[in-house]
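K.L.:
Handing you this structure, nothing more for now.
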Amino acid sequence: MMATYEGCYTDAQALRIAVVVARFNDLVTGKLLSGCLDCLARHGVDTSSNSEQLDVAWVPGAFELPIVTQTLALSGQYQVVITLGAVIRGDTPHFDVVVAEASKGIASVSRETGVPVIFGVLTTDTMQQALERAGIKSNLGWSYGLQALEMGSLMAVLRSATSAS
């Protein structure tokens, strides 16, 4: 019989979550974090300042997201890590380098550790586009929080199913 595995958004109390936020472009990343925390709180995650369920780490920029994400994932304390950043195109190739290295680094953390890592790094041509994605039109931070809940839950289901067989 074919098995179907899905995560859910309702079992958030069982998850311990880390959020790694890039300080560069903090006008945008702060809004992403607010949206993310709002989503998590509305789904039952304790987001208070004395939470035992959630930790937030700030890094200088998107380029530094992978190493801190990897450190947190390897700690064994978290079932899912969310990365938040905003890289906005400028007049030099710096944008391409930062985006490529941050995305490759973040993806490798998930593969190497088995901990789901949510890629919440906006890559836009303008500040206006970034702000539209962080709250003016919608807040993708909310979506990243929802993805974290689903992936954390799905991984628990998969681990339970594979250990039972």
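Cβ atoms here come from the backbone N, Cα and C positions, even for glycine.
According to Swiss-Prot, the active site, proton donor annotation covers His94, on the basis of sequence analysis. Under the heading 5-amino-6-(D-ribitylamino)uracil binding site, Swiss-Prot lists Phe24, Ala62, Phe63, Glu64, Ala86, Val87, Ile88, Phe119. The feature (2S)-2-hydroxy-3-oxobutyl phosphate binding site is assigned by Swiss-Prot to Asp91, Thr92, Arg133.
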K.L.:
For the binding-site residues Ala62, Ala86, Val87, Ile88, work out the Cβ neighbour count at 10 Å and name the residue with the minimum.
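P.N.:
Among the binding-site residues Ala62, Ala86, Val87, Ile88, the sparsest Cβ neighbourhood within 10 Å belongs to Ile88.
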K.L.:
CA-CA, which of the binding-site residues Asp91, Thr92, Arg133 lies nearest Glu64 (5-amino-6-(D-ribitylamino)uracil binding site)?
P.N.:
Thr92
K.L.:
Of the recorded positions listed here (Asp91, Thr92, His94), which is spatially closest to Phe63 (5-amino-6-(D-ribitylamino)uracil binding site) when Cα positions are compared?
P.N.:
His94
K.L.:
Rounded to an integer, what is the Cα-Cα distance in Å between the residue listed as 'active site, proton donor' and Val87 (5-amino-6-(D-ribitylamino)uracil binding site)?
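P.N.:
Cα-Cα distance, the residue listed as 'active site, proton donor' to Val87 (5-amino-6-(D-ribitylamino)uracil binding site): 10 Å.
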K.L.:
Rank the binding-site residues Phe63, Phe119 by the number of other Cβ atoms within 10 Å of each Cβ and report the first-ranked residue.
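P.N.:
Max Cβ neighbours within 10 Å, all protein chains included: Phe63.
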K.L.:
Fewest neighbouring Cβ atoms within 10 Å: which of the recorded positions Phe24, Glu64, His94, Arg133?
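P.N.:
Least crowded of the recorded positions Phe24, Glu64, His94, Arg133, by Cβ count within 10 Å, is His94.
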K.L.:
Give me the non-local Cβ neighbours of Asp91 ((2S)-2-hydroxy-3-oxobutyl phosphate binding site): same chain, 6+ apart in sequence, Cβ-Cβ under 8 Å, ordered along the sequence.
P.N.:
none
